[in-house]
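Database features (TrEMBL):
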- 24-103: domain 'GS beta-grasp' (DOMAIN)
- 110-354: domain 'GS catalytic' (DOMAIN)
């Protein structure tokens with residue numbers, strides 16, 4: 001039996017209620033060289049009123065696949081902060097960009113270019129909503145709730161399910177939902193997914209760069225919550241081979257023109273432009289996405305672009321109510337669950353508006 005790293009919450013609680021003497025704990029988090037998340041804590045003398053008041057910090061990039069050992073210092077530049085649901089009080093979680101010491105963005109820093117694009121097209125008021133799917137595993141590498149050494153019954157009863165025989169991991173889902181709300185993440189819903197042990201939560205609507213910020217911090221919170229329960233979160237787009245649904249990050253997108261009366265015309269124009277750059281989109285829509293975009297299990301094939309109304313087998317879907325109302329948004333169903341949302345939102349905006 002693998003070691004289970006569960007928090008001893010009752011023992012920890014007596015320490016977390018101790019007075020902090022007016023000091024603030026700030027958890028600086030960042031995206032590492034393998035699209036994972038890292039974090040370390042510093043003490044602040046007071047609560048910041050604005051992100052600009054937060055100090056720049058640094059870390060050893062050679063230990064995170066972000067720098068060579070002979071020039072390893074990587075700078076952390078705060079870009080947003082949120083309430084800390086784990087420590088409570090005035091303690092905060094600080095999201096950072098990674099910068100090299102020569103003043104250039106680290107190769108993992110996709111936020112920098114995304115922010116410039118969002119500033120350029122700010123007058124279009126781009127809104128996003130991302131549906132983050134993920135799979136829960138126990139520490140033995142078994143999907144949570146699956147029989148040891150075997151498989152559950154076929155897909156069908158698990159989507160939006162209730163009951164101990166169909167829904168596995170709800171405590172983690174509920175804890176994460178509440179942690180996001182407390183932190184200030186714009187989480188808008190959750191549901192059990194088609195494969196047992198797989199769940200989804202939605203973040204948005206968010207405007208511009210805020211989409212990537214909120215999704216990355218929500219992922220950090222999910223990992224931390226799962227850590228407390230001794231469970232592992234996987235964002236792999238096809239965690240289990242065979243006749244099981246993969247995991248995606250469906251990206252809902254609109255501009256002001258799409259949301260206004262007659263916006264369906266702008267939606268179709270955007271889809272036509274995005275179709276022309278299908279290969280460019282696929283290149284940044286997640287690792288191992290070819291294992292998911294097979295044309296089966298509610299996906300379009302990775303090599304072909306398609307679109308349609310209410311068609312979950314299309315690359316881009318126009319929801320039925322959007323077509324009926326003649327305005328609204330589109331849903332890009334191609335992004336995998338392990339995307340960098342900065343790269344995805346950037347290319348969606350540039351492809352559709354440039």
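Any Cβ shown, glycine's included, is placed from N, Cα and C.
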Across the domain 'GS beta-grasp' (24-103), what are the DSSP residue counts per state (helix, strand, coil)?
9 helix, 40 strand, 31 coil
Along the domain 'GS catalytic' (110-354), what average pLDDT does this model show?
97
